[in-house]
Amino acid sequence: MSTPLMVLGTSSGAGKSLMSAALCRLLLRQGETPIPFKGQNMSNNAWVDESGGEMAYSQALQAWAAGLKPQCAMNPVLLKPQGDSTSEVIHLGQSVGTARAETYYEQWFRPGWSVIREALKDLQCSYTHGRLVLEGAGSPVEVNLQRRDLTNLRLAQFLRARCLLVADIERGGVFAQIMGTLSLLKPVEKQLIRGLLINRFRGRRELFDEGRDWLEAETGIPVIGVMPWLEELFPPEDSLDLLERRGKKNDAEIEIAVLKLPSLSNFSDLDPLEAEPTVQLRWVEPGTFLGMPDAVIIPGSKQTLRDLNSLNRSGLGSQLQTYAQSGGHVFGICGGMQMLGRTLADPLGLEGVTTTDPSSSMAGLNLLPLDTVFKRNKALSQCQRITQWPDNAKVKGFELHHGNSQLIQGSHESVLPMADDPSMGWVSKNESCGQVAGTYLHGIFENGRWRRLWLNLIRKQKGLADLPTDISNHEQQREQLLNRLADVFEEHVNINPLLGT
């Protein structure tokens with residue numbers, strides 16, 4: 001294999017994930033086989049690969065940028081936060097337990113390092129002529145964590161990777177970020193840094209020339225690029241950044257409110273709607289006013305019962321019920337659909353609130369006649385279906401859930417199955433409760449025809465003309481965005497120092 005490359009950052013949110021994706025696409029253009037890899041990631045924005053293994057969405061995106069199918073070996077350790085300083089631990093795509101922050105490295109460091117090396121071996125055997133493109137996590141110089149590092153310098157030294165250090169100038173203090181990071185590196189670690197990259201620069205590049213010269217003189221490391229500010233092309237890995245995303249669209253014709261749940265997961269499900277020029281997404285947090293949007297989406301949740309509690313305590317749940325009863329459109333995805341049901345029971349405490357007695361199940365929003373029980377085994381699979389609502393359409397996506405939802409006995413006359421597989425989701429026929437529907441299929445909005453059919457239901461209610469439904473799926477738009485990202489990266493970044501040329 002070619003010498004591995006690694007993208008490190010001075011902090012979380014510096015832009016490592018997108019710069020890694022850009023690097024993968026650029027190497028692919030140059031005839032290489034880049035292989036994305038992040039030893040350990042912490043995220044509730046997940047993807048399910050063809051084998052039924054969970055991995056972080058950011059590594060799936062990097063795989064697409066590299067022209068490869070995502071596989072969980074590209075992210076062998078995934079930590080999915082579930083509140084109270086506890087995370088679900090995923091090794092090579094499968095759940096292996098939960099861990100508390102204070103004991104994680106004591107209990108899970110050795111098993112984690114073992115599966116990371118196993119995944120690396122598998123990838124190296126599968127792509128003998130490839131080049132690993134590694135992504136670090138957070139900052140590589142968190143002094144209190146370095147002894148148990150699984151993702152940054154331990155991996156860089158193990159593979160003798162050539163490293164790129166990315167700093168976000170938008171946050172301010174970029175010189176302190178870089179100089180502070182380099183000063184905390186040991187000499188043997190600093191030798192691995194082959195280039196510096198300034199990310200999210202606004203304005204004319206020549207205004208940074210003096211700063212670039214100073215950094216190179218002080219560090220002895222070339223500044224190989226200054227990436228301009230790009231309106232965020234893809235969802236941030238951290239859900240805390242969601243409210244800082246795009247502003248108001250000038251051409252938006254419909255507004256869709258999306259509930260920003262405390263344990264929000266799989267928010268990349270909404271990315272195809274973000275890409276619709278006539279759609280404005282408005283993220284609504286518990287405790288804020290819902291208003292009368294044209295539709296409401298309840299996305300997935302890592303802690304469904306806990307998030308349902310939050311909706312009820314804040315009054316947002318009752319606002320949503322009133323909205324639906326007034327004829328509004330409500331759509332739930334996975335945990336969001338479960339919340340729309342009558343009851344939710346979690347006897348094992350998997351979703352935030354333990355309900356050991358079925359009779360003590362938590363009440364849902366009661367907008368769909370569903371009862372849900374959360375079970376130990378998790379449904380993990382990619383799937384294809386033919387929808388029956390809003391109309392016939394081929395759709396594909398993936399399932400990722402503990403909950404098993406069943407229609408209440410005698411309620412079949414009040415709902416329609418969404419697809420040829422009735423368990424994929426349901427839509428209410430009760431017009432007094434609005435157009436309420438839900439699905440277990442993550443990625444449903446990636447399907448272009450289905451997305452437009454759903455949007456046209458909303459547009460019809462507003463008296464707007466239908467949008468064309470004969471369109472491509474979002475994966476083609478994603479390809480265009482990846483190419484745009486790589487175009488800008490190629491224009492502004494010289495990767496030769498990384499390649500040793």
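If you go along the chain as it appears here, the first residue is 1 and each next one adds 1.
Positions of Cβ are set from backbone N, Cα and C atoms, glycine also.
Residues or ranges marked as active site, nucleophile in Swiss-Prot: Cys334. Sequence annotations record features per position, and here Swiss-Prot assigns active site to His442. Annotation source Swiss-Prot lists domain 'GATase cobBQ-type' at 253-450.
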Original post:
For Cys334 (active site, nucleophile), which residues of its chain lie six or more apart in sequence with Cβ-Cβ distance below 8 Å?
Top reply: Asn266, Pro299, Gly300, Ser301, Leu400, His401, Gly403, Thr439, Tyr440, His442
Original post:
If you count Cβ atoms within 10 Å of the Cβ of the residue listed as 'active site', leaving out that atom itself, what do you get?
Top reply: 26
Original post:
Once the DSSP letters are reduced so that anything not helix or strand counts as coil, what is Cys334 (active site, nucleophile)?
Top reply: coil
Subject >> Where His442 (active site) falls in three-state DSSP terms >> reply: strand
Subject >> Mean of the pLDDT scores, which run from 0 to 100, over the domain 'GATase cobBQ-type' (253-450) >> reply: 93
